[in-house]
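As structure tokens, the structure follows; a few thoughts come after it.
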Amino acid sequence: MAQAQAHSGPMVTADGVPLKTSLRRAERRRKITAFMLVVPLLAFILLTFIAPIGDMLWRSVDNPAIINTLPNTVTALEDWDGEELPPEEAFAAMVEDLRVGQENRSIGQVGIRLNYEMSGARSLFSRTARNADSLEPPYKEALLDAHRRWGDVETWRLIKREGRPYTASYYLSAVDMRYADDGSVAMQPENQRIYVALFMRTLALSLAITVLTLLLGFPIAYLLATLPLRYSNLLMIMVLLPFWTSLLVRTTAWIVLLQQQGVINDLLVAVGLIGDDGRLTMMHNWIGTIVAMTHILLPFMVLPLYSVMKTIPPSYQRAARSLGANPFVAFVRVYLPQTVSGIGAGAILVFIISIGYYITPALVGGQSGQLISNLIADHMQRTLNWGLAAALGSILLGGVLILYWLYNRIVGIDNMKLG
Amino acid sequence: MSESNDAFVRFINVQKSYDGETLVVKNLNLDIAKGEFVTMLGPSGSGKTTCLMMLAGFETATSGEIMLNGRGINKVAPHKRGIGMVFQNYALFPHMTVAENLAFPLQVRKVSKAETEQKVQRALDMVQLGHLGNRRPAQLSGGQQQRVAVARALVFDPDLVLMDEPLGALDKNLREQMQYEIKHIHESLGVTVVYVTHDQSEALTMSNRIAVFDDGVIQQLAPPPDLYERPLNAFVAAFIGENNQLHGKVVEIKGDDCKVQLDDGSIIHALKVNVDKVGDRTTLSLRPERVAIAPPEGQYPNVFEARVEELIYLGDHIRTRVSLCGTDEFIVKIPNAHAHASIARGETVQVGWAMEDCRALDAS
């Protein structure tokens, strides 16, 4: 009887509270506890990971300098068609903006910002602004007198184009493009294209490092997984030992080994393989980057491979042998396919780490061993073009996400075993 | 001796050592005829699996020769021996479907595609899994995986199939069912099977002959009934089935009849099996089901007073523990037949047994 009642409407508990409400109440405490456990890490990640990435994405399009410092000019140029020099009102607005900008010292920002697009813009603004107070109307002539580039239509077009709160010009620069005089998008002149080639080199070197770590790591991982425990433990320590050593120490160790007066060259000369004048250049070029990074990233390949191989019982290969497969066929058709998840995990790990690697290429890479991250750092620290650095970083991030998506489509992320 | 020379599988003085100090297999000689089902039975560490691995080619014999079909195979690589094998945990390739698993041995033998398909289907039908060819091994139950493993070991028509405790991972009911199926497959295909197990009932169910291993030596090689009813030594008697062991000294030998004085002084008439002379220590082995409660006067030469210590009802029989002749671990199985003897704990009853059922074995 009681059951029949319970089924006729929503389920209720013995004391008449709807079952769902009761369940929610009972579960709430547990959920709150679980959430509290997550809070510290969540806050940490928000603060140190999500927020900086958001800021980077924002900076790559953010363009406040001109619209904030030259508000009158931007307004005055709104209706200008860009064919000939703008009318007198625009010049007047510019002088007004220059005076205000000089007073609160914000005009330098404009110079720096426009200098990314047009060399000489910085001195144009700083010099004119210094004398802005003494300029008399008509301002067109006065400005043309003060600096001949005010008579250049290109200057005004640039101001109009960049007088918007957001810009794509950082992204264009990051892929070796620019706005042509007429405002359309064009490639940079041949001799100023650097970023696309650098992206390509970063991809190529990362790929080479991934393949090398796989070739070197696979046999080691196999040994680790199949040797008796006492030997495999020793081997595991040898794999992990470099892992526990400072990155800087390892990189400088490679400098000692690879440099022209270094250990390897000395050895080769001593053995007589090369003459003293024919010492190999293995450092401060891409060879140094590949060698040192392969060494440093090897554990990232070995460990996922090992953890997958550890789960493959030796009986599979024995079964294949007993069924008539020679050792090679047994390996290729039975063992190798079962390690794919480990290969995928190791490869994607090594590739993603190396694509954004900084320290090692900076120390041993020289000119031809630089990666895109080195240039990003350069723009952050030396040229202070953070917008361009942010755009380069965003492209790198996007590229990694696309690769990750491709990997997921082809191999399936569920098949990835990191350990 | 002449008949064993054309044996299909021969182990000749085979020895195996892993560490160079102890022998895991000590001087093994074993002939297996074509079409025979031979089980290697023994406790773990007795050397039976090592023998199987040497036959399969995954271990090398330290000395001695293994012959297959009249040919020495010590130096033949495993994949060239043409021996099918079923592994303990099946070793089905997880990245292949069932049909691909079965096709694998045919593909590596370069069998044509049409023939491969036909053979795979026939093998699947043989184990009643014809409809599951497209499944992955992980999607099958344990019993189904087991059948696929058997089918895969047979699909390329090997003359010899090795099975390494293939039923160990199955539950009891399934294990019994699979025992019958393997037995039937063996009978219908006429293939030679060497089977390794530590489960005696498995061995008794399926085998033509059983080789009982202990300590790297074959203790007895015999068909199942012989092994159970006529064990040659105390180890085999204890390992196969349940048995009562009584210890004593031979006091008189008259033909097959040997009189044994137990440690408490009682005299038992036993069958002489491997005792040599008067004065030897001996172990008497007696199956619990061969002991009669309250036997008719004069039927048995061995009749003793026994005190009932414990009764356990097991359905088809009642397991009774009694004390007699100085031991309180003497087991009597009373079949649950119509009008069986009904006794109670603490009672004293007469028990007796025939001379032939009580075997005088080595002292162990």
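One-based numbering along the chain as shown.
Cβ from N, Cα, C; glycine included.
Worth saying up front: this structure is predicted, and the values here are computed from it rather than measured.
Feature annotation from TrEMBL assigns domain 'ABC transmembrane type-1' to A:199-407. The feature transmembrane segment is assigned by TrEMBL to A:32-54, A:194-222, A:234-257, A:286-307, A:342-364, A:384-407.
Here the transmembrane segment (A:342-364) has Cβ contacts under 8 Å with residues 202-203, 205-207, 209-210, 213-214, 217-218, 221, 247-248, 251-252, 254-255, 258, 283-284, 288-289, 292-293, 296-297, 300-309, 370-374, 377, 396, 399-400, 403-404, 407, 411, 415-418 of the same chain, all six or more residues outside its ends. Beyond its flanks by at least six residues, the transmembrane segment (A:32-54) meets 397 of its own chain at Cβ-Cβ distances under 8 Å.
Residues 201, 205, 208-210, 212-214, 216-218, 220-221, 224-225, 236, 239-240, 242-243, 247, 250-251, 254, 258, 339, 342-343, 345-347, 349-350, 353-354, 357, 360-361, 363-366, 368-369, 371, 417-419 of the same chain, all 6+ positions outside the transmembrane segment (A:286-307), place their C-beta atoms under 8 angstroms from a C-beta of that stretch.
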